[in-house]
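Working notes, beginning with the structure itself.
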Amino acid sequence: MKFLKRHDANYALLLPVFLLFLLSIWVQHQASVMDGNDPSGIVFRQIVFCVLSAIALFVTSLIPTNLLLRFSGLLYVLALGLMASLHWFYDQTMFEQTHTKRWIRIGDFTIQPSEFMKVAFMLFMVYLTLVYEKRKAERTIKSDLIYVTKILLYSIPTFLLMFMQRDFGTSLVFIVMLGALFIISGVHWKILTVVIGLIAALGAILLLLVFTEWGNRVLFRLHFSQYQLDRVRAWADPLAYQDSIAFQQVRSMWAIGSGGLLGAPDTHTTVYVPVRESDMIFTVIGETYGFLGSTLVIFLYFYLIYQIIFAALKTNNKASVYIAITYVFGLVFQIFENIGAAIGLLPLTGIPLPFLSQGGTSLIAISIAMGIIFGLEKFPTKAKKRSYALKESRGLT
């Protein structure tokens, strides 16, 4: 009870997390039933993951934010080491299925190190930003350029490992988190314009390479896989490839469409969707409870996001705001991309739907992040009197 008394102002943040835990158990049960399997084993595993995640949230919330930031460099190095170990200690079964080395097997469970990297990456980049701002009493375009360059240099190992693991989707999450941090910390708008322009140009070039024969040869030399190119082609014209590379995405749209306004009456006559329990878990909600149920789930996500930002702002503290905004942008991108891919607006990238997709590593990593945010109010980082982020940053005034 002492834990709840110390966090009495954050009951509103606990509520959506608890509801998403319950919802994750239900959707995994439904996905198993829809595929004609016995759901008992899946439900038990999901309950175990939810309990472990709740423990992780509780323990992390007890750690002072100052301490987490102080040791964020060590956490970042450990996360890099865990990701690098995949070169030797990858799960052979998953490699045969996906031709990627992203999971480590421990007994009956698999761990995806990139999920923990999201938390370590966020903390370390925020720490570097705070150190930079402390040392620079007056900021200029030149000093901001040095800061951005330093951040990008420290990010190279992460992106290099993600590139080696062919995990383009998670790389996008890191890019979004960096972009959010640059904006909230007040990086000069001219630098932001150049960075955004370069990213847009790179995206346009990649699209050109995907849809040309010579471009495909270039991408293959750059370590891209055929299935990654196929996902973009399938997104561009799904009906033309509905029996081949766009099969999963087209079936996903059919399943969600079959739910109508209030949901399909009989889940035993469901539309078959490959791996619906993972990347396509939103189809379970859309087909079972229709547009209304899908809207309520999206509302629950945005209620969680609102509470995260509100909890950080109440601390009146720069570090808290940076942590919350950086993580929220990454979370919103994952939600938007996963649901967007399920309804055909965006290409498939393999990004899981936070809390709901199958995967204990993702759920535990998200809960660790929630624990950090839950503990922000209890352990406010020392900062100047009421002159924190939103009032100091040139980019937000």
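Glycine is no exception: its Cβ is also placed from the backbone N, Cα and C atoms.
Here's what TrEMBL has on this protein:
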type	residues	note
TRANSMEM	41-60	transmembrane segment
TRANSMEM	67-90	transmembrane segment
TRANSMEM	116-133	transmembrane segment
TRANSMEM	145-162	transmembrane segment
TRANSMEM	168-184	transmembrane segment
TRANSMEM	191-211	transmembrane segment
TRANSMEM	289-309	transmembrane segment
TRANSMEM	321-343	transmembrane segment
TRANSMEM	355-376	transmembrane segment
Mark yes when the transmembrane segment (41-60) and the transmembrane segment (67-90) have three or more Cβ pairs under 8 Å (sequence separation 6 or more) and no when they do not. no
Do the transmembrane segment (116-133) and the transmembrane segment (321-343) come close, with at least three CB pairs under 8 A (pairs 6 or more apart in sequence)? yes
Could you check if the transmembrane segment (321-343) is in contact with the transmembrane segment (41-60), meaning 3+ Cβ pairs under 8 Å among residue pairs at least 6 apart in sequence? no
Tertiary contacts of the transmembrane segment (355-376) (same chain, 6+ residues out, Cβ under 8 Å): 7, 10, 13-14, 17, 20-21, 23-24, 27-28, 31, 42, 45-46, 48-50, 52-54, 56-65, 68, 109-112, 115-116, 118-119, 122-123, 277-279, 281-282, 285, 308, 311-312, 315, 317, 320, 323-324, 327, 331, 338
Remote residues contacting the transmembrane segment (289-309) - C-beta distance under 8 A, at least 6 residues beyond either end: 10, 12-13, 15-17, 19-20, 23, 256, 259-264, 282, 324-325, 327-328, 331-332, 335, 339, 354, 373
